[in-house]
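Asks: For reference, the structure I am asking about is given below.
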């Protein structure tokens, strides 16, 4: 997480410096950081709730992507290579052309993500006699017995209406790069990530969060790579909120920002704990609410430290210990540590939360 102003371009030798930006007011900073915290909590809370029904879905277009321990171990390495590659691209090639390509890419992804996000809510507004027709997009490879499905996506007329509405936001983002359009796409990406990316067990979550803890600390404190990419990257990969909104209104340009990774990565762990809560069949969501409060504490601590030291902070430095430590302490107090670490999710929908878990888990461990 970091403070960043809109990029005006650096003045070259002998050129006149741009006018100094007035410092943000305490009210403006409080509004900006408070809004970022609220925007971070929304996709985690609703994405976690939607992940429960997603785990039970038999629709191939809505089935979650399961992250295994091997995936979790490799992720920080892949993320580091990607980050460094982007940094070198911005140093070697024209930033304008790179951002143009990225804008087109995220324009398409953003429309699809936003459409999927608003679809359940929009369904409530359609009248009962709405002429809703079913469609299926199917791409196959080969023929006969060797035919293989590449894409099998089912949708209906209501989904097409949502896609049209999302396209309006996409055009707005593409033409204006307005911070509100950026945030709509960013929230959609975050909610979809929390909903559709599932950790298969708590140990995998600890591996993923631990690896990205080191990744975040190294690339923020050890180098200027992450901060440079975050400021150069004109794509909805971060939530932003202006600190000068009270002075300049919607045209404000002095932004505080929060990367989507600081939302999605802890979010998928929090969602896992919600599904674990449901599997216990105790009609309580103790671990979900504990980790949710832990996330608020960690993010608040990040903002406090950043404000004190006036330097960009790796949010996962504070979020990871909080999101893992708080639920683990609760599990120790309740004597449920064994149950927590033995809980296992399958990539198939039949292993839905709430199903019998102890015997399959033991079997899975023997297979491994």
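Sequential numbering from 1, following the chain as shown.
Glycine residues also receive a Cβ, built from the backbone N, Cα and C atoms like all the rest.
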Asks: Which one of these stretches, 286-309, 334-357, shows up in TrEMBL as transmembrane segment?
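Replies: The listed stretch tagged transmembrane segment in TrEMBL is 286-309.
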Asks: Could you check which of 97-118, 119-140 is flagged in TrEMBL as transmembrane segment?
Replies: 97-118
Asks: Based on Cβ pairs under 8 Å, which of the stretches 30-52, 196-221, 255-274, 315-333 lies most in contact with the transmembrane segment (72-90)?
Replies: 196-221
Asks: State the residues, same chain only, that lie 6 or more residues beyond the ends of the transmembrane segment (196-221) and have a CB under 8 A from a CB inside it; answer 'none' if no residue qualifies.
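Replies: Residues 51, 54-55, 62, 64-69, 71-73, 75-76, 79-80, 83, 227, 261, 264-266, 268-269, 271-273, 275-276, 312-317, 320-321, 323-324, 340-341, 343-347.
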Asks: The transmembrane segment (30-52): which same-chain residues, six or more beyond its ends, come within Cβ distance under 8 Å?
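Replies: Sequence-distant neighbours of the transmembrane segment (30-52): 1, 24, 64, 120, 183, 186-187, 190-196, 198, 239, 241-243, 245-246, 255-258, 262-264, 266-267, 270-271, 274-275, 278, 288, 292, 295-296, 299-300, 303, 353.
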